[in-house]
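Here is what Swiss-Prot says about this protein:
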type	residues	note
TRANSMEM	25-45	transmembrane segment
TRANSMEM	347-367	transmembrane segment
TRANSMEM	369-389	transmembrane segment
TRANSMEM	396-416	transmembrane segment
TRANSMEM	440-460	transmembrane segment
TRANSMEM	472-492	transmembrane segment
TRANSMEM	537-557	transmembrane segment
TRANSMEM	863-883	transmembrane segment
TRANSMEM	888-908	transmembrane segment
TRANSMEM	910-930	transmembrane segment
TRANSMEM	968-988	transmembrane segment
TRANSMEM	998-1018	transmembrane segment
Amino acid sequence: MQVLPPGSTGGPSRLFILRPVATTLLMAAILLAGIIGYRFLPVAALPEVDYPTIQVVTLYPGASPDVMTSAVTAPLERQFGQMSGLKQMSSQSSGGASVVTLQFQLTLPLDVAEQEVQAAINAATNLLPSDLPNPPIYSKVNPADPPIMTLAVTSNAMPMTQVEDMVETRVAQKISQVSGVGLVTLAGGQRPAVRVKLNAQAIAALGLTSETVRTAITGANVNSAKGSLDGPERAVTLSANDQMQSADEYRRLIIAYQNGAPVRLGDVATVEQGAENSWLGAWANQAPAIVMNVQRQPGANIIATADSIRQMLPQLTESLPKSVKVTVLSDRTTNIRASVRDTQFELMLAIALVVMIIYLFLRNIPATIIPGVAVPLSLIGTFAVMVFLDFSINNLTLMALTIATGFVVDDAIVVIENISRYIEKGEKPLAAALKGAGEIGFTIISLTFSLIAVLIPLLFMGDIVGRLFREFAVTLAVAILISAVVSLTLTPMMCARMLSQQSLRKQNRFSRACERMFDRVIASYGRGLAKVLNHPWLTLSVAFATLLLSVMLWIVIPKGFFPVQDNGIIQGTLQAPQSSSYASMAQRQRQVAERILQDPAVQSLTTFVGVDGANPTLNSARLQINLKPLDARDDRVQQVISRLQTAVATIPGVALYLQPTQDLTIDTQVSRTQYQFTLQATTLDALSHWVPKLQNALQSLPQLSEVSSDWQDRGLAAWVNVDRDSASRLGISMADVDNALYNAFGQRLISTIYTQANQYRVVLEHNTASTPGLAALETIRLTSRDGGTVPLSAIARIEQRFAPLSINHLDQFPVTTFSFNVPEGYSLGDAVQAILDTEKTLALPADITTQFQGSTLAFQAALGSTVWLIVAAVVAMYIVLGVLYESFIHPITILSTLPTAGVGALLALIIAGSELDIIAIIGIILLIGIVKKNAIMMIDFALAAEREQGMSPRDAIFQACLLRFRPILMTTLAALLGALPLMLSTGVGAELRRPLGIAMVGGLLVSQVLTLFTTPVIYLLFDRLSLYVKSRFPRHKEEA
């Protein structure tokens, strides 16, 4: 069956050419809708691709990691494990803290996940320890997601406990209410409390125990219902002085009588106003501070959330005393806005470059204005559809629009060039517009739908990568569709009204020079093409070699996942020996902070020491380093990290791990480095056997750097081995022993002070200043059956052992996470393969499993689907072209151009030192759509010449190549210049945009040269093949 062109009647463009007012108003409506839509589009760094994630934190001061695991974490995990839609569950149990992170499937709404988590916590309540100070608290937040904003609250006139109290009640609560905020944490929070430090010798001399004191305090401070009196005429509410509010009141509390004389709490203890947890501390630029970290909910718009916080900050700070200073240390939206601004500038630059190349070729202002109108109209009209689809203005959608500048102008160029050709031959503009638009209409439709077909596989990519690029693909597809509509409606109408034979022939010296140059180039191309057609097998050999080279380059090119961005914020972990105390860690962080703040690129620094939901152990500290803006420093973030690590390396007893924050966060736990690999077993003993072996093996690999693990099993522990028979004979139970130890060393929260604004705790502990270390255990006394006191040493033997500092689970089983970076000269693909090879070499047993986590796991998934993604794009394009041409052969001819694009893109990436990451892969997929345009324009005209003019296939393709050479060159250069600003970008977020530009520019340069010669040769080869098939199988002879 023969494909007939629309003819000279104008085809689908006829109505719009003949009704210019209606066409103008229709385009004005598209423009207006786009302008209005733009005003409603939110701004973000990337599309919303967050997994629904919820963190559950349970604090149990004084509990060991083993107790936290068995008594708190395990019961919660059993209930959470029954929830539907749960993708992954990880937990970390350390001294006094249990953190369970729940990651759900992408398709599950966060609110539904929240309901399931709340129900699971309720079901586990009866299984948890009865003396938990607070029930488990959940937050709709991913702990690995860096804070969107960090504020430091300092004062040179008030104690930190008072500052913390004001910040918690007046500032943090209000910020928590902002839409999009998932969690506000107060790092180093010195919450006010009454601290009771018992003098062990004093209570022993009086025959008392710490349990006697605890019972007296809890009985003296209550706040419960008392009822009311309801008389015949009046009702009276009952109240009492059952609450004690200050340290002075507790100091005067009578806890016992000795020989008729009262023993007050102040006689046997130091009672003072202090902090609830004395092992927490935070610093901002080395000054003690309350550091407020604001994290967003998964899926919340970071810009809108930060703007809302900024708007309320002045009002919140006014409620604080003048001596309290609130400083915004970091705001991730600053870099996001700068990145978006840079991308917007590159978009405008791309438009300007495209219009410039149009003028260079057409050398006519009216002819330049026409596609110059089509470009912004197509891009602006896209905004209206983006609003409807709940998209945002982000780096990826702006990159799509930047690339689209080269795409959307193609259709207009093809139409203008064809109409101009008829006007130059002497036809009237209206007739030329009708004839030229009708002739080219099928080509426009072919170009449009075949290009959109390339994007279809992107829409069906699964998991987070598919969600990430859905907005990119749809935005680009919408721009291309609008461009096709504009090119078939507005462009021919404007050509009929604005172009004339006189205007096209009007030339100045520059125009004549350009014309002579183009004539010489076309003539040279014609001579070269004639030689190529005379030596087809040599050309086919080049095409085949190109295919082989593409495969070879694909194999050898370094592969990565997502470009490492320079967002101006570095997250760090400071690691010390496992037996380090809070005091020693505080000293170490001061030394490290001093070195870091000396770096010229560093603007501010916050550090935190202590155990809470973010920091698992006392021997580690968290750091956040805020760099100066990119234009105010000389080095990129990786260079700064290297310099800082070198500066800190000379400090004994510490290891500093640093990594830049990223806009794309896939992990569910804060890691020391960028990539993670887990080793999981059914028991801790199995882990303890294999972790050192695997860690040593990984540390020896050149493809990995800064290898570390969270396995810490050498923490000092005092094992109290109770002689149960002796204890039973004295009437002492194990509960008595645990209570005595907890009272002395657990910073036990024994009572609550209620106020109108907040609640504060009474903390009980032994004053160990005079008896540090294990000697403090000798001061513990217990009450025996006869009422006397017995030293702990009488019934127990104290042993010093090693114990884990934290116990980690993944889906309820023990796990260790190895963290690593990739050194310069290697790629993530190299590192992954090296780890897999090492795993095979070690021959791990069946009950030991390994798995990559976070971005490394996503890299594996993306790498595995990349080849199929490209194959799917090619198949989709073949189907679309086959349907349009009603031919099995012609689509193959068109698709034969694709290897040239791959060679150019891969070579350009290798030369530029870039990895083949998912951004570059998107560029290659787009190249598939661009490069085949050349072949479509050639083949369309060759088929028309054969059909309408009776030309031979050789003459037809030769003429088509010469006639379409100029529009092919124009459209290719337009696409190249559209991608050029991305390739040359140097501003904020350039790391994200550059791979796309490099791949496209390299692919276009190589393919432009090769396809102009290989396509006509392959066209003739398949024509002869078609004739051969028809002669051998006449029953199946095609009509096309």
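Note: Cβ is positioned from N, Cα and C throughout, glycine not excepted.
The shown structure was predicted, so the numbers you read here are calculated from the model rather than taken from an experiment.
Beyond its flanks by at least six residues, the transmembrane segment (440-460) meets 3, 5-6, 11-13, 407, 410-411, 414-415, 418, 466, 469-470, 472-474, 476-477, 480-481, 483-484, 487-488, 869, 872-873, 876-877, 879-881, 884-885, 894, 922, 925-926, 928-930, 932-933, 936-937, 940 of its own chain at Cβ-Cβ distances under 8 Å. Ranked by Cβ pairs under 8 Å to the transmembrane segment (25-45), the stretches 347-367, 369-389, 396-416, 863-883 are led by 369-389. Contact between the transmembrane segment (998-1018) and the transmembrane segment (472-492) is not supported, since fewer than 3 Cβ pairs fall under 8 Å when only residues 6 or more apart in sequence are counted. Outside the transmembrane segment (968-988), and at least 6 residues removed from its termini, the chain residues within Cβ reach (under 8 Å) are 335, 338-339, 342-343, 345-347, 349-350, 353-354, 356-358, 361, 399, 402-407, 409-410, 413-414, 417, 566-568, 630, 923, 930, 933-934, 937-938, 994, 996-998, 1000-1001, 1004-1005, 1008, 1012. Taking every listed stretch (369-389, 472-492, 537-557) in turn, the largest tally of C-beta pairs under 8 A with the transmembrane segment (396-416) is reached by 472-492. Counting C-beta pairs under 8 angstroms (sequence separation of 6 or more), the transmembrane segment (472-492) fails to reach the transmembrane segment (537-557), with fewer than 3 such pairs.
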